[in-house]
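Just below is one structure, and these are the notes that go with it.
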Amino acid sequence: MPEVRDWRQLAKTRLEYELLTNELFHLWEFTSLVEYDPLFRNTSNSFKTFLQERGLDVESSLEQDDMKESNASRRLKRRNVISGTADSSSDKNNIWGQVMPLVDQEYSELQEKLRASVCGRRGRKRTQQVASVPAESEEDVAVPRPNKKRQTVVTAQGSAQNKLNTPVVSSPKKSLKQTADKKSKLNKRDSSTNDISVESEDPPVKDITNTGQGKSKARLKSSKAKSKKRAVKSQTELVRKQSPEIKNESKRTKADPTHTNDDGNDNRKTNNKSKNIINNNESGLKTSLNTTGDIIDDEEYYFTSSSEDDDNEKPRTALQKKSLPNRLKVKLHVNAPRQTITNPLHVLKPEYADVHSFLQSYKSLDEDVSLEEYDSYIKEQRKTAKLIRIGFERGAIKYDPQTDSLQSLSLRDVMPPSNAAEPISVYYKEQSKHTFQDHLVNQGIVLSKSFQDSRRSQIAKARRVAQIIESHFKHIAGAEERKLKEEEKRKKNLARFAMQAVKKRWTMAEKAYKVLKKDELDQLERIQGKQHLTEMLEQSTQLLGAQLNQLDSCTYPSEASDASSEFSANEESDGNSDIDDEMMSTSSCDSDKEGNTERIGNDMELSVEELRSKYAQLNKINDFGNETSKSAADESIFDEASDSVSDSMEDSLSSSESETEDADASAQEDTPGLSALLGNIDENEEDVEADVNFDADSSSDDGLDGDSSGAENNSKTEELPSPPKSDNELKDEKAETTESVTSPAAADPLAVSDVPVPSLLRGTLRIYQKQGLNWLASLYNNKTNGILADEMGLGKTIQTISLLAYLACEKENWGPHLIVVPTSVLLNWEMEFKRFAPGFKVLTYYGSPQQRREKRKGWNKPDAFHVCITSYQLVVHDQHSFKRKKWQYMILDEAHNIKNFRSTRWQALLNFNTERRLLLTGTPLQNNLAELWSLLYFLMPQTALENGKVSGFADLDAFQQWFGRPVDKIVETGENYEQDEETKKTVSKLHQVLRPYLLRRLKADVEKQMPGKYEHIIYCRLSKRQRFLYDDFMSRAQTKETLASGNFMSIINCLMQLRKVCNHPDLFEVRPILTSFCIEDSVSKSYCDLNNYVYNRLHENQFETSVDLSNLNFQFTSNDKTLSTNHSEKISELQCVQPILKEISRLKQLNENDSPVTQPDFQDLNQYYSYAKHNKINEIIGQLEHLNYMNNLRCNRRPMYGSNIVKLLTVGPKKFIDCELTQESIKPLETRLLEGKETIEKFAVITPPVVTLDIRERAVGVDDNNKRFEESVKHHLVSQMRSLENPFHQLQTKLSVAFPDKSLLQYDCGKLQKLAQLLQNLKDNGHRALIFTQMTKVLDILEQFLNFHGYLYMRLDGATKIEDRQILTERFNSDPRITVFILSSRSGGLGINLTGADTVIFYDSDWNPAMDKQCQDRCHRIGQTRDVHIYRFVSDHTIESNILKKANQKRHLDNVVIQTGDFTTDYFTKLSVKDLLGAEAPEDIPDDKPLLQDQKNLNKLLAQAEDEDDAKAAKSALREVNVDNEDFQEGSVAAQDGNSDNENNEDSEDEYGGTSHVEEYMVRFIANGFYY
């Protein structure tokens, strides 16, 4: 029978378990029991997790224990189940099902008791005193109110649960122990009365030990407690008997002496075992609730608080000791071996009595410490632990589970908000123990504070009112005085404003006076400048007349004279007055006896005959002594002007810079003007007449026809520095006038004399090079510096070397000379010296700093070297070493790169200690006249005047003012425009100023000595495709918006696209390669599918309606197709059936002999065997009879006609194979293709728009829809077809892919059409051509074009290596079979000399026309023997023609000033969109808006607009040039335009125009000197 269980006691135990776990969870979560509700049954997930993590969950412990049972117990249970003796497993599972309703009932009873106690407490009188707190409790500590509250629920059976928020606890283990200790202390305190109170939060339950009712109730309950104690014991024993788990656990507990049960803390040490939980709960109840020997009544419970002190050292009661299991004591008996004593000293006295005491003497820590240190450390740790515990209780610190650390609370966490209620300052037990007196006193204190605050506020208000009244009366008392002060202050402000206005007015008047004064000074300076210019022209005319007297002492052969005269005649016919001015002497009639401009104008208006009659008396002066003295005086004047180069260069430079930087200065000093060349001119009329006479007698002209051995008194033509005249006037004047040649004895020592060719020079000089040597020698003789500005390719290097050789041979001046050149031509100069003048000691100064230091060692010794060649970069870097050495000649190659006079390089070179200076440049004029002035000032920086003052060559502002505006006017209006007199005079004066210091000869000047150069512009019409693409691009809305936007980058991109269209349409839009559109299925497939579908539907029931001819015997049988009559007869005769018949009869006889068995008996094996044998024989007999029947049937078949008759009467297709028509129609496929090859080549030109992929399979019949062949046959045929070569490959390729015809490459482009004609003419006449283009892709098109026409060509572009260029050029020059050399204008110019070609073709023009100029010089240079023709292709009515028109205007500027041929891309800053597009430009684009305002980023922007290959080629070309540019790069500010200052002056004049009478009075007052 099942044991009888005490369910009531088990329910109480369950209730106690739930109360304890709930309290434990509350303490763990909130660290105190404030607001703790004992009736709250927590079912939250956090509560369940808490129990499971700490092994306090009963259900999970039972499940785990069941899983951990041993195999023996399982076998025992299984045996009990089988035998039926064991109880059903449902008893175990239904324990909690029966207990839980009783637990709910216990909760409801407890709730009723609490409610009744609360109601009785409310009826008590207020006079009852509250029992004081026992002495063992801690002092009152203010505990802050928790921030968060958990809502708990008071649970009753059948009622809802009300939840409260409770504070969180940090240390569950410590709180549990403290709870048990506090229970024991409280039980000890209340042991005399046995009164247990129930605590709750709202309302708090008060202690009733002092009331009589409480005493009587306690006595009644004491007897009940004893009886219930015995009941609890009996019920506990009963539960243990009924529950095998508890019983086993108790046995386990007794067996394990180490298993203790300490104050309920075993709930945390049970390792999730439910049996231990129940056992521990029983022992916990006994030890915690019954410390005095009595059992607590079920009606009331006492719950402890964590705020009470711990008392771990109190002895346990007898009951507690009984409840604890006995401990096993282990005693260790160690029998130590006896000591071997050989000496009395070996006897050791034991320090410890036993091993245990010895082991206890060791105290282990992280470090080895003594016992005293260990004890002190333990005390400190206990003190620290106590402080931590107190901190936890008082809320000063908290535990952070995330970081596993203790954290202190900050003041902000502890202090409540200002508007919040004050926190509870006492514990939850003590906050309800205030008496009425306490409340009364507190209320009195509060009211007292309120009265004091009210009193203070009223006093403050009264004080504030008194202050307001006092201030009011003070304000009334000082009103008069304040009014006087305000009036005085107002008057002062008015006086100050009036004074400031007057001062401002006088300041403006002072500025106006300074401006007017400056205008007067400027006007005076202009007058003085004109005076200085006139005097400078006189000096220039005198110097030039002396230089150009070379024919008086020159003994040229007659051929040279004829060539010179022929050259002069050509110049006269061309009407180039500038070249005539350069080759002829200029009369000094520009400066008359008074030296004024009016006289100059009168002389310029006279004809040559009138001038001759006017100055006829000057030709009669023959006094040689006077001429010698005058020439000596002139020489002394010139020497004095040119030798004083040491004092005032800095003054002049600083003066010019100060004028540029500070344009608004109060006063501007007088500029020296051009007095550098004319300071020592005598103003006496007689001297001037003598000078003019001298010039007239000694002047000479190179360009006239005449024989030196002819008439002695014939004088040469002398052209005045008058404005350019028409061609007819020049011809008439030159034909009518002749002058006599002066004798050599009367030659001026300053004149240019013919010098011998130095013996050190190897090689032969050309005539113009010999004239250049004479000019350079005259500069040295006259102690003058100069600029050799011959065009590139005329041999400036050899002329310079010949000058140095002349100085060494004739003047015995061996240097040292300094030659500064760009880095790229440094070695080239050294090689030229070794080639033409090997007698010089040349020092090439380059290398690392150490190498240069080695080269400088000993260079101060005499004749250490004769010539030093270095680069601009190194000469500036080592300028201190070069400045210490005295140089005879300083020669600067490519001197136009020092055009910036503000740069440190210009100033450093200017200060070198040199006797003479020579500048070599091919492009002396760049963008403005300021750069030309910088070169001239570099030659003559300082000049001495008569009065001892020193001044520079000329002021930059004056130079710009004299020549800048008239020259700009000529460029803007054009060369053919009729110029006014002032402009003509200015240009003539500029020529006169430049002529003494500049020798400039173009290739056209020496065309008799060099092959001619002819430029042709070929205008090409656009093809139809080009015109369509060009117009389409221009008509796009996006293009119009881009051009109207004014964005330079967008406009350049548009221009680049237009240039691509002009060069070739394939650059803009490639002609496509057409292919057929390929689809998978053909049209026939869909038709066949539809046809098959319709056919199948129509013949769906054909077998039902059709007639079978075979059944009607209207068809030949199969015997007639296979058998003949003879075969059928022979088969019937030869059939073999006898063996089969014999075997059949034998088997039948055998079967008849045996008695048949109808029903076999399976019990008899013999009878069953005979039955099976009989059946087997019958089966064989049936098979043999069927075989005999089939044999007879097949052998006895007879055909109706026989196959022999059918074949005889049938006409087959093989009979037509051998006929001639059949042989023609069945030719092989290869034969057909070969025969039709010509047709295929001619007519297979149209690519079908669409092709299909299934035509081949359909033609063969192996497509999917064809049922003619089986699938295996189809696969076999397809594999065989794929392995065969396709005979239609060529035809299919021509029909599927349509490549553009090669001839379209030429006919799509107008330039290539013209080029084809031009190349054909050139090749027929034996010419060779260079074709230049800017774009690399055009070179690819040109390659295709030349390959199409079969020309032999070579190619050189930016990708060609530098070392390969020389190989290509040498091969082209040496191999006449190569007709064309195509080059990129960006391929660089170092080491390229293509004199083997005599034709240059510019397919397109470069952005920078200087590149085109350099490309021309590769062919037209020294070494060329034939005339060079230059063809420039320009697309008509396009952007190219407009760009060329604007570029020619820039070229004309060079012809006006110095006749140079170089210009840069700065014309983009001058052009507008309408200038480039012409009539095709949109109407809404402004006319005068330039493309680009700033030129700094022009090259970068152009590179971005070009293709990547072209940009790379340009970059590589610039990288080569960059070696030279690094020598000339300077971070200084560029020279300012001269026009800017003049514009500022005009603006300043307009600013002060139109003054009132007051302002006029003020200005007069200042002017009279009364202001200062």
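Each residue, glycine too, has its Cβ placed from N, Cα and C.
Around the Cβ of Glu791 (ATP binding site), the number of neighbouring Cβ atoms within 10 Å comes to 23. Annotated ATP binding site per Swiss-Prot: Asp790, Glu791, Met792, Gly793, Leu794, Gly795, Lys796, Thr797, in sequence order.
The feature compositional bias 'Polar residues' is assigned by Swiss-Prot to 82-94 (among others).
Residues or ranges marked as compositional bias 'Polar residues' by Swiss-Prot: 152-173 (among others).
Residues or ranges marked as compositional bias 'Basic and acidic residues' by Swiss-Prot: 179-192 (among others).
According to Swiss-Prot, the feature compositional bias 'Basic residues' maps to 216-232.
Residues annotated as compositional bias 'Polar residues' in Swiss-Prot: 282-291 (among others).
Feature annotation from Swiss-Prot assigns compositional bias 'Low complexity' to 558-568 (among others).
Here Swiss-Prot flags 569-583 (among others) as compositional bias 'Acidic residues'.
Annotation source Swiss-Prot lists compositional bias 'Basic and acidic residues' at 590-602 (among others).
Summarising the annotation, Swiss-Prot assigns compositional bias 'Low complexity' to 643-657 (among others).
Swiss-Prot lists 694-705 (among others) with the feature compositional bias 'Acidic residues'.
Sequence annotations record features per position, and here Swiss-Prot assigns compositional bias 'Basic and acidic residues' to 726-737 (among others).
The compositional bias 'Acidic residues' feature in Swiss-Prot is assigned to 1543-1552 (among others).
Taken from Swiss-Prot, the feature domain 'HSA' covers 424-496, and the record attributes it to sequence analysis.
According to Swiss-Prot, the domain 'Helicase ATP-binding' annotation covers 777-942, on the basis of sequence analysis.
Residues annotated as domain 'Helicase C-terminal' in Swiss-Prot, with sequence analysis given as evidence: 1314-1464.
Break the domain 'HSA' (424-496) down by DSSP state and the numbers are 60 helix, 0 strand, 13 coil. Annotation for Thr797 (ATP binding site): spatial neighbours Asn828, Trp829, Glu832, Asp893, Leu920, criterion Cβ-Cβ under 8 Å with sequence separation of six or more. In the three-state DSSP scheme, Thr797 (ATP binding site) falls into the helix class. Here the Cβ of Gly795 (ATP binding site) has 19 other Cβ atoms within 10 Å, regardless of which shown protein chain they belong to. Comparing the binding-site residues Met792, Leu794 by how many other C-beta atoms lie within 10 angstroms of each C-beta, the top residue is Leu794. With all protein chains in the displayed structure included, the most crowded Cβ environment within 10 Å among the binding-site residues Gly793, Lys796 is that of Lys796. Under DSSP, the residues of the motif 'DEAH box' (893-896) split into helix, strand and coil as follows: 2 helix, 1 strand, 1 coil. Taking the Cβ of Asp790 (ATP binding site) as reference, residues of its chain lying under 8 Å away and at least six apart in sequence are, in sequence order, Gly772, Lys796, Gln799, Gly922, Leu999, Arg1000, Arg1001.
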